[in-house]
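Annotated in TrEMBL:
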- A:K7, A:F8, A:G9, A:G10, A:T173, A:D174, A:Y179, A:R184: ATP binding site (BINDING)
- A:T47, A:E74: substrate binding site (BINDING)
- A:264-338: domain 'ACT' (DOMAIN)
- A:344-408: domain 'ACT' (DOMAIN)
2 protein chains.
Amino acid sequence: MGLIVQKFGGSSVADADKIRNVARIITETYRKGHNVVAVLSAQGDTTDDLIAKAAEINPHASKREMDMLLSTGEQISCSLCAMAIEAMGYPVVSLTGWQAGVRTNTGYSNARIKRIETERLLSELDKKCIVIVTGFQGINRYDDVTTLGRGGSDTSAVALAAALHADLCQIYTDVDGVYTADPRNVQGAKKLDEITFDEMLELATLGAQVLHNRSVEMAKRYNVNMEVISSFSGKPGTKVKEVVKNVEKTHVSGVAKDKDIARLALVGLQDTPGIAFKIFSLLAKEKVNVDIILQSIGRNDTKDISFTVHKGDKELAKRVLEDNKEYLGFDHIDVSDNIAKVSIVGAGMINNPGVAATMFEALYNAGVNINMISTSEIKVSVLVDISDTDRAVQVIHDKFFSEFGGGN
Amino acid sequence: MGLIVQKFGGSSVADADKIRNVARIITETYRKGHNVVAVLSAQGDTTDDLIAKAAEINPHASKREMDMLLSTGEQISCSLCAMAIEAMGYPVVSLTGWQAGVRTNTGYSNARIKRIETERLLSELDKKCIVIVTGFQGINRYDDVTTLGRGGSDTSAVALAAALHADLCQIYTDVDGVYTADPRNVQGAKKLDEITFDEMLELATLGAQVLHNRSVEMAKRYNVNMEVISSFSGKPGTKVKEVVKNVEKTHVSGVAKDKDIARLALVGLQDTPGIAFKIFSLLAKEKVNVDIILQSIGRNDTKDISFTVHKGDKELAKRVLEDNKEYLGFDHIDVSDNIAKVSIVGAGMINNPGVAATMFEALYNAGVNINMISTSEIKVSVLVDISDTDRAVQVIHDKFFSEFGGGN
């Protein structure tokens with residue numbers, strides 16, 4: 001008997017039947033003697049519908065009013081879920097972000113949780129109530145509604161689990177757990193029983209899109225045990241924790257791809273000190289996240305700097321750099337979004353220097369050309385042509401995970 | 001220059017164009033140098049859509065969760081309206097019931113406003129912000145969302161006007177103001193420039209449905225100047241205030257009808273002391289509002305008591321009385337909803353005893369049979385067959401308001 005936080009995403013609460021299914025999962029957990037706090041996203045396309053409504057009235061609406069608007073989505077799904085649980089005869093109460101004491105900073109549309117005032121939550125749990133909390137939202141110090149941006153509901157769930165010292169934070173989704181590669185595209189992809197926070201972080205960053213980074217970072221910081229689990233299958237999911245049992249054995253946990261990137265190359269840069277600092281601080285000021293960076297010697301004492309950004313930031317990044325062409329001193333900018341990132345992740349990798357070589361070998365055998373390489377303690381990423389992406393993932397996965405491959 | 005509270009109903013904010021129209025009205029008032037607090041209802045059918053969603057999941061959902069659900073409707077319309085005002089370049093902020101400090105009792109789905117904590121409102125007005133407030137909702141002492149029931153947004157507007165000592169509370173609607181009768185059905189119906197709170201109260205009770213009683217009662221208690229005005233025509237509306245200028249001249253302000261009633265008759269009651277008390281306290285306990293009561297002598301030392309209730313309460317009232325048949329001691333209950341109430345209202349009526357007679361004469365001349373009569377200081381109501389309703393209203397209106405009629 002303990003406290004379990006369960007998070008259900010938009011597809012898990014998309015219609016009345018799915019809400020009843022969620023209510024069933026919650027009440028089954030409750031019946032086993034656990035306290036349950038459930039965190040819900042807005043139903044299916046609600047958020048998109050609200051965004052369309054706003055765009056019709058004001059395409060440049062303030063983020064403050066957008067948050068006011070969008071936060072209704074979770075309030076609707078939560079009250080409906082509470083009604084479904086009432087119909088099953090269990091004590092339940094739904095709470096908005098402010099009622100649940102979720103206090104954030106003032107960054108509308110992309111707020112960070114600062115603290116959770118748990119008084120109301122604890123008093124409802126003391127009454128043996130099931131508590132349903134709106135994900136993705138809180139209030140700031142002006143008592144204005146804020147939303148948490150991408151992956152917000154996962155973050156809400158982990159923050160609540162941390163604040164309430166929950167025994168487990170279950171992230172219910174439409175997949176069975178974390179796989180060695182995307183099971184929809186890669187033959188032989190296997191579900192992992194356990195994975196470390198760090199591996200999960202790399203996988204999330206790399207486009208595996210099971211959990212959002214922010215939630216995993218927070219779970220790691222507060223040591224919240226997470227589980228990624230299906231809302232529909234009823235099978236055990238993947239546990240995400242600090243240390244997994246068989247870490248010594250695991251060299252590679254998974255293969256991930258990310259097609260949502262673009263590469264910019266500044267060609268013919270004057271080789272002056274601090275040039276990299278200048279470039280990336282300009283981009284940081286515009287909140288453009290830069291991923292892989294490669295610096296190479298060009299012709300005539302110049303050099304080239306290439307880097308990847310999220311595809312959505314491509315134009316912004318280009319404009320920022322063009323606007324500062326004189327200040328930076330380069331010849332021209334090359335932009336390509338015809339590329340994808342393919343990565344392997346594994347906590348055991350650092351002790352196995354052969355892992356990267358094995359990956360490159362697989363790509364070489366398949367005739368996949370590597371554009372850029374980036375490595376960290378627990379991952380190796382390569383940039384390939386976008387048309388090679390799926391094949392690259394498959395051959396790497398075969399190499400590490402098939403019985404006839406070389407890996408584990 | 002002063003403070004004006006403006007309330008816009010669901011039909012006034014039904015789509016993007018109508019929201020822009022509301023934004024125009026608000027900003028025009030603001031441009032004249034006034035502070036503006038606007039109170040909005042949910043868009044068009046939003047509330048009905050949400051009720052349908054809830055019914056699919058749990059037809060007996062708790063009122064607490066229903067309020068949580070329904071309160072999102074106004075939050076959506078208010079944030080959208082704020083966005084429309086932002087697009088016009090004015091400073092604006094939307095506030096939910098709790099942000100606006102609307103504190104209610106705990107009566108979910110039909111809560112009463114207890115007080116308004118005006119700190120946030122005043123600070124936004126000090127900043128010269130236009131403030132958009134969700135109508136129909138507040139929070140109770142548990143910090144739970146409550147809704148105010150029928151006419152809730154009118155009540156929100158008047159309560160805010162009272163708390164902020166506003167100079168005027170304008171109720172924008174789809175009619176031009178208060179008429180001497182329903183202009184859609186009665187030929188020659190005239191718009192009134194002014195009307196007293198008491199007359200308005202009687203008209204609202206009698207089914208004129210321009211303003212809800214609760215809001216008028218509150219306006220009378222706190223002496224809030226109201227105006228009923230069209231969102232679309234741009235013409236001056238009807239002022240509702242304590243005393244109107246030409247009160248001496250006005251005998252009858254309007255003719256109203258109410259088809260939404262049912263009559264119950266308890267036939268063959270034992271003529272014991274306190275029988276009326278017993279009957280009506282039983283009904284009050286079930287929150288059945290009783291309107292016209294008529295007591296008559298029956299046969300054999302028994303008597304009959306007839307009364308009218310809202311049509312929706314008919315079955316409940318009947319069941320309560322049937323359940324107490326032995327306690328009350330009657331022969332049988334007669335129920336009819338084939339009736340309607342037609343009334344004339346006027347503050348000058350009490351000084352003109354001929355008014356009721358003139359009304360009865362008009363009905364007699366038209367061959368309309370009167371079932372029951374009820375009078376107060378400022379109104380005379382009769383029950384007629386439902387099929388006679390519209391004709392009764394027209395002949396009474398002709399009598400009092402047409403140039404060839406007898407009245408004013």
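Each residue, glycine too, has its Cβ placed from N, Cα and C.
Where TrEMBL records a feature, it is marked here on the structure.
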residue: A:K7; record: ATP binding site; contacts (Cβ under 8 Å, 6+ apart): A:A38, A:V39, A:L40, A:S41, A:G135, A:S153, A:D154, A:S156, A:A157, A:C169, A:Q170, A:I171, A:Y172
residue: A:F8; record: ATP binding site; contacts (Cβ under 8 Å, 6+ apart): A:V22, A:I25, A:A38, A:V39, A:L40, A:S41, A:Y172, A:S231
residue: A:G9; record: ATP binding site; contacts (Cβ under 8 Å, 6+ apart): A:S41, A:S153, A:Y172, A:T173, A:D174
residue: A:G10; record: ATP binding site; contacts (Cβ under 8 Å, 6+ apart): A:S41, A:A42, A:Q43, A:G44, A:D45, A:T46, A:T47, A:S77
residue: A:E74; record: substrate binding site; contacts (Cβ under 8 Å, 6+ apart): A:L40, A:S41, A:A42, A:T96, A:G97, A:T134, A:G135, A:F136, A:Q137, A:S153
residue: A:Y179; record: ATP binding site; contacts (Cβ under 8 Å, 6+ apart): A:A189, A:K190, A:K191, A:L192, A:G254
residue: A:R184; record: ATP binding site; contacts (Cβ under 8 Å, 6+ apart): none
Three-class DSSP secondary structure - A:R184 (ATP binding site): coil
Largest inter-residue Cα distance among A:K7, A:F8, A:G9, A:G10, A:T173, A:D174, A:Y179, A:R184 [record-listed ATP binders, Å]: 23
Reduced DSSP assignment, A:G9 (ATP binding site): coil
CB contacts for A:D174 (ATP binding site) [other CB atoms within 10 A, all chains]: 12
Composition by DSSP (helix, strand, coil) of residues within the domain 'ACT' (A:344-408): 33 helix, 14 strand, 18 coil
Cβ neighbour count within 10 Å of A:T47 (substrate binding site): 20
